[in-house]
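Take a look at the structure below.
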Amino acid sequence: MTDFFSGIAPIKYEGADSTNPLAFRHYNPDEVVMGKRMEDHLRFAIAYWHSFAWEGGDPFGGQTFVRPWHPQDQMATAKIKADAAFEMFDILGQPYFCWHDADIRPEGDTFAESLKNFEAIIDYFGEKMSTRKVKLLWGTANMFSHRRWMSGASTNPDPEVFAYSAATVKTCMDATMKLGGENYVLWGGREGYETLLNTDMGRELDHMGRFLNMVVDYKHKIGFEGQILVEPKPQEPSKHQYDFDAATCYGFLQKYGLENDVKLNLEQGHAILAGHSFEHEIATASALGVLGSIDMNRNDYQSGWDTDQFPNNVPEVALAYYHILKDGGFTKGGTNFDAKLRRQSLDADDLIAAHVGGMDICARGLKAAAAMIEDGGLDTALAERYAGWDKPEAQAMLNSDLGSIFDKVTGEGINPAPKSGRQEILENYVNRFV
Ligand code: 3MF
Ligand code: MG
């Protein structure tokens with residue numbers, strides 16, 4: 001037991017009229033939305049790195065947070081950190097959490113020492129999970145913070161770093177499986193480059209493709225039934241990252257024969273950095289059959305970097321869940337809060353309130369998305385817009401050729417009349433629900 005969250009009771013649903021800052025006003029886990037409990041739709045997860053490992057630093061200044069688990073370079077404090085984390089899970093009651101190896105264990109002087117620390121904490125987690133409902137949404141390896149990864153992990157010019165990466169991912173997949181994790185994620189923060197003057201891009205892409213194939217082979221070897229997910233992001237920390245966005249990742253997966261074995265973990269802030277909306281990335285992955293899971297946060301629209309703030313924009317979140325529900329909803333994936341406090345938000349109740357607000361925003365978005373689907377207005381508009389394609393002669397055209405189509409256009413004097421796209425009418429429609 002720590003006393004970090006002392007005085008904060010488990011968060012309850014009190015309804016939309018509640019003025020209690022530490023109550024849910026929209027997230028009601030048992031409420032049924034489109035035939036499924038809200039908790040089972042949203043599948044919330046807490047990210048260990050932002051909530052417990054990050055110390056409040058930015059490029060201009062170091063630590064602002066003072067926590068009972070600091071300094072984080074000792075096994076004793078790693079256990080205090082785990083105690084506090086599970087105390088927060090008990091308060092919020094979210095069904096999942098996620099970690100990187102480096103978030104949960106102190107780095108050792110050797111690979112073997114880091115692994116020993118890691119395995120001890122995984123066992124400690126296992127004990128805590130055995131008496132609770134909280135589960136692991138995904139595990140991942142941090143292959144971007146330590147200086148050994150500065151030139152990449154699987155794309156590093158040094159084969160010894162490739163080897164260290166492979167060994168690291170093996171241990172993280174083993175630990176994810178041991179804890180019953182439902183996904184394994186790879187985000188390549190330094191799988192990219194700073195300058196082409198020192199980079200053989202084709203070789204690096206081939207190594208990354210080979211590495212991911214080894215990950216999939218290992219998944220089958222150990223019988224891991226979770227999804228393997230890659231997480232697109234266009235830049236930061238690398239100037240150019242190979243997994244730029246959903247469409248780029250799909251092309252990569254196809255080239256290396258992985259499109260049926262690997263799906264995507266999409267993040268709101270990364271979509272914005274790539275110049276897309278979040279719903280664009282979700283709809284792209286859905287159209288390509290690779291929507292896996294989401295990292296929920298938001299980026300500041302002025303600053304142009306990855307601010308990882310908690311979500312607070314219902315219309316944006318509603319459109320994201322609209323496309324997730326249209327895809328059939330999460331199976332193994334979920335909503336991971338890859339979001340951090342502002343560095344001035346020092347207190348334990350800031351951390352709780354941030355998650356309470358984020359969960360409520362997502363619940364409101366989900367309810368709005370479900371209401372739009374149940375109303376069917378957008379489906380009707382789409383059906384009307386594409387109705388011409390339901391005609392047999394339109395379908396037959398797709399199986400014909402340019403010459404025959406030319407004969408038809410000239411023979412029948414085809415002269416298409418432009419029709420309104422009705423964008424403002426549809427935007428007004430969405431605003432009725434959000
Ligand atoms: C970086 C991220 C990462 C990934 C994480 C798991 C540190 O912008 O979003 O968080 O989510 O590495 O893939
Ligand atoms: Mg993320």
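Yeah, the Cβs are placed from backbone N, Cα and C, and that goes for glycine too.
Just so you know, TrEMBL annotations are computer predictions that nobody has curated.
Copied over from TrEMBL, here are the features:
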type	residues	note
ACT_SITE	HIS100	active site
ACT_SITE	ASP103	active site
BINDING	GLU231, GLU267, ASP295, ASP338	Mg(2+) 1 binding site
BINDING	GLU267, HIS270, ASP306, ASP308	Mg(2+) 2 binding site
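Locations of recorded TrEMBL features on the structure.
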| residue | record | contacts (Cβ under 8 Å, 6+ apart) |
| --- | --- | --- |
| HIS100 | active site | TYR48, TRP49, ALA53, GLY139, THR140, ALA141, ASN142 |
| ASP103 | active site | TYR48, TRP49, PHE52, ALA53, ASN142 |
| GLU231 | Mg(2+) 1 binding site | VAL185, LEU186, TRP187, GLY188, ASP243, LEU264, ASN265, LEU266, GLU267, HIS270, ASP295 |
| ASP306 | Mg(2+) 2 binding site | LYS233, GLU236, GLY269, HIS270, LEU273, ASN299 |
| ASP308 | Mg(2+) 2 binding site | HIS50, GLY269, ASN297, ASN299, ASP338, ALA339, LYS340 |
Can you list which of these binding-site residues (ASP295, ASP306, ASP338) have a Cβ closer than 6 Å to ligand 2?
ASP295, ASP338
Just how many other Cβ atoms lie inside 10 Å of the Cβ on GLU267 (Mg(2+) 1 binding site)?
26
Out of ASP103, GLU231, GLU267, ASP295, ASP338, which recorded positions lie by ligand 1, with a C-beta less than 6 Å from some atom of it?
GLU231, GLU267, ASP295, ASP338
Excluding GLU267, HIS270, ASP306, ASP308 themselves, which residues in that chain have a Cβ inside 8 Å of the centre of the Cβ atoms defining the Mg(2+) 2 site?
LYS233, GLN268, GLY269, ILE272, LEU273, ASP295, ASN297, ASN299, ASP338
Can you list, in sequence order, the residues of the same chain other than GLU231, GLU267, ASP295, ASP338 whose CB lies within 8 Å of the CB centroid of the Mg(2+) 1 site?
TRP187, LYS233, ASN265, LEU266, GLN268, GLY269, HIS270, ILE294, MET296, ASN297, ASN336
